[in-house]
Structures are given as structure tokens and as C-alpha cells.
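Database features (TrEMBL):
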- 1-23: region 'Disordered' (REGION)
- 47-67: transmembrane segment (TRANSMEM)
- 79-100: transmembrane segment (TRANSMEM)
- 121-140: transmembrane segment (TRANSMEM)
- 146-166: transmembrane segment (TRANSMEM)
- 193-210: transmembrane segment (TRANSMEM)
- 232-297: domain 'PAS' (DOMAIN)
- 388-521: domain 'GGDEF' (DOMAIN)
Amino acid sequence: MWKKQPDNGEVARLPGNGATPDESAARLHTAGVGNQSDSLQAEQVRLLYSHLPVSIAISAMLAAILISIQSSVIDPVLLFGWFAILGAVLIGRTGLFIAWKRQASTTYPADTDRWLFRFRVGIVITGIVWGLGGILLSPARDIAHTIYISFTLAGLCAGAASTLAIDRKSLMGFIVPPLVSHAVFLAAEGDVIFLGLSAMILLFLMFLLFSGRQSELRFEENFNLRIKASENESRLLQILESSPIATRIADAASNRVVFANSCYENLIELPAGKVIGAKPSSYYAHPEEYTEVVKMLAGGGQVVNRQVEIRSPGSPQWTKWVLASYFPIEYQEKPAVLGWFYDITERKLMEDKVEYQAFYDTLTGLANRSLFHNTLHQAIANAKREKCSLALIFVDLDKFKPVNDQFGHGIGDLLLKAVADRITGCLRESDSAARIGGDEFVVLLPSVGVIKNALKIAEKVRHELNQPFEIEGLTLNISSSNGVALYPDHADDAEQLIKRADIAMYYAKTEGKNSVKAYRPEMSAQTNQEL
């Protein structure tokens, strides 16, 4: 249905550090690309020290269990003397961890060498103490207790290999002293079982060293890939920032903006500090559209060049139209949605203006003749399908020409606008009006039922138009002659319905004006005779 229309047709910051893409790229190049070995070593130090508390705790617990098991076969002085030495070493390493923890946030790349050296010294001393334990705490010719020592050392070294593999020197410094010294001790016993156990320990040592080397290489490879990914991500952000198209990245899980270039900030008219962390859907005129986009992307679909209406969620108020394309990406190792937005507001407004001029009367805002005919044909098709009636009221103004001649076209135009307002004010929500000529209007009444209902609305329109109009200090009096025709009672199609409503209006006009007439079949016959 046709309704009355109006007359008128800072640089993006990266999350977490507040830096621009260029600044972050330079920082990444300095810290991760130009000095990649320093970054790798810093990562090694961080991981080694982060595992240190667990390593110390396990060493202490294993030593306590070992003391309790071996106390029946080893001299207590020797036993507790060794335990005291190990305890002192572990306490020293605990102090080292605390010192590193306090300075970790302010550690410079140049300091990593010193912290790594201190860690290696501590781990080597720990390995030597365990190596002494493998000799001093193994009773001669006691297979059961000796095998227990062997399994304890093997388990200790296997567990340590998982955390120390990222630094070959630390790994060798810890596992070589206990395993080699214990293997030598076993070989010195001379018994074939001890010799076999010694060989097994040496083979196990070789396996740990080999697997540790492979783990170290994988760590370096993964680290280099992370550096490369960070470098590529930073380069991507630089490209997006320099793009003339508004671009933003939203985290898929939190549905928050994590990157926006300056064009996007200009598009939504918001400073950089408020863009990051905002919900993308808050700028959509219809937020459910963005929810639909996310679902389509999650299902493997594509969303390209979709026209989207965006609005300001606050003040000042604005409305814009964009062509939006969305792509699923990974940003900062998390699923995200990349959005490109091409501003087509000017083009959209121009299209709307052209469409408005094509289908609406620019003076009154009512539908014009073209839109009226299209809508009438559609309404008749609906009425035929639903087997219901519709009515058409043909409204012709009385005494309009004298007003226009006496006071000019300016006053005449204002009067026509006022007439349009009064007509639409008489209609139901489902009804609609159109201006099809100079002082001619039509009203479409769908689902009107019987002719009596249509006549009631036509009479209401006549009564309203018969009231004085106050325009530019003038009191103007006009009236209207209204003709009513009903589909399918009076006509079989749109053209016939218009013609018969016009005939009824003609009779209202010729019989004194300012009246309402319903079409009667004899009106057509009489009109033909007069013609």
C-alpha cells in the first residue's frame, strides 16, 4: 500500500598496548624479527623458570621417599648428609626463582643471558647431587634397592626431559651426571644383571638426549612460526589501516571490536578509544542482520557486498548505508570476523530520491498515478485470491480553481498539501491515498466488506474537506465531490473500477457538488447517452 511520504527524499589502536599498527610493527620488528635469537632465548628463560617450582617440589618429594626407602640399607650420616646437600641446592634454586619472578616484568633482552646462565648452573649442580646420590645411596650387591635407585633416577630424568628439552645444555647438565655416574657404578659391580642394567640406562640416556633435541627443534620451529605469524598479522594491520575502505575486526567469541582503521572510525563517527571493545551490531539499524551474518560465516557461507543500514546508537543521530563484506579469519590466535564497509550513503540517497520522484507526488507526499495503478492491480489480485471486496473513492475538489486563480499557485499548493493531510487523517491503517491529477485524489480501501462501509469513509473525507482551511492568514473554503465503486460488485478489473468511481464522482459533481455518490449501473448508461 502507498502511504504518505516525507517531502525530501584518531588512528586505530591495537588491543592491549594502545599502539598504532605502525608502532606495533616497529616494535615487533625490533623485538621479534631483528633480534629473533634474543626473543627465542627470552622465551626459553620464561618457560624454564615457570616450570622451576614444580621441578623443585618433585625433586624434594622424590628425595624424601628415597631417604625413607634406603634408610634401612644406607648409613644415616651418609643418607642425611646427601639429603642436606640436595636441600640446600633446592633452596638456592627457590631463591633464584623468587629473584627472577620479581624482575621478570622489567627484564631486558640483555639480561636473559645472565638468567639463563644462573638457571643452567643451578640445574647442573642439582644433576651432580643426584648423580652422587645414585652412587652413594646404592648399596653394594643389593639388587632390589639398586634397581629402585635406577628407576628413581630414570623417572626423575624422564620427567625433567619434558620441561628442559627446550634448552639442550640444561637438559644435558641435569640428566647426564645422574645417569652416567649410576651406569658406571652398575658396570663396576661386575655382575651380568648390573651390566645389563647399566647398558639399559645408557640407552635410555641416549633416547632422552635424542628426543630432547627433537623437542628443542620443534620448539624453535614453532617459535619462529609464531614470530612469522605476528609479523604477517602486523603487516596485515598496516595494510588495513592504510585502506581507503572502512575496516574492522571483531572477535567471534566476545563479539567485540578488536581492530578498526581510521576510515571505520570516521564511518561510525567515533574516536579510536571508543571503537575498540564496542559491539559491531550496536551500529546496525537492524542488529539481527549481524547475527545472521555470523551464523552464515560459521556455517561456511559467504557474505559479500551486502547492503546494510547503520545508525548512531547515541547522539548525534545519523543514518548511513554501506556495502558490507565479511570474512572469517584468525586474529591473535582466535576466531574473528573481518568486515569491509564501503560507504554508499550518497548513492543510496540519490537512488531513494529518484525512486521517490518516480512513485510519489513531490508536493503532497502521496503516491502518484504510477504507484497508484501498480498498487491497485496488486490489491485486486489479493482480493480475488482471498474472495473479498475492496472499494475505490474518487475525490474531486470543488471550488479549488477559484482559490488558485485568486491567491496564486503558492497558496494553491499549500492548500493541496493540507487536503492530503486531511484525507490521510480519515483513513484506516490499511487504507491509502494517491494524488492522480491537479485537484483529483483517490483512496483505496482494501477488505472494506460492503458498500456501506466505503460510503461511511467517503462521507468522513467529504466532511473534513468541507471545513475551513487556515493557510498563510487566509481562511479558505472548499468542498469535494466523492464517487465510490466496489470490486467485484461494480467492476471486474482495475481500469473498470477507476472508470466507475470516476462516473460516480461525476454524478456527485453534477448533482450539486459537496456530496458522496455510490456507483450504480444506470449511471454508465446515462453517461454514455450524454456523451
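Cβ atoms here come from the backbone N, Cα and C positions, even for glycine.
Between the transmembrane segment (146-166) and the transmembrane segment (47-67) there are at least 3 Cβ pairs closer than 8 Å, counting only pairs 6 or more residues apart in sequence, which means the two stretches are in contact. The average pLDDT the prediction assigns to the domain 'PAS' (232-297) is 87.
Panel annotation: around the transmembrane segment (47-67), residues 79-80, 83, 86-87, 90, 93-94, 96-97, 100-101, 104, 115-116, 119, 126, 130, 133, 137, 149, 152, 155-156, 159-160, 163-164, 166-167, 170 of the same chain, lying at least six beyond its termini, place a Cβ under 8 Å from a Cβ of the stretch. Remark: secondary structure over the domain 'GGDEF' (388-521) totals 58 helix, 37 strand, 39 coil, with classes taken from DSSP. Helix, strand and coil counts from DSSP across the domain 'PAS' (232-297) read 36 helix, 12 strand, 18 coil.
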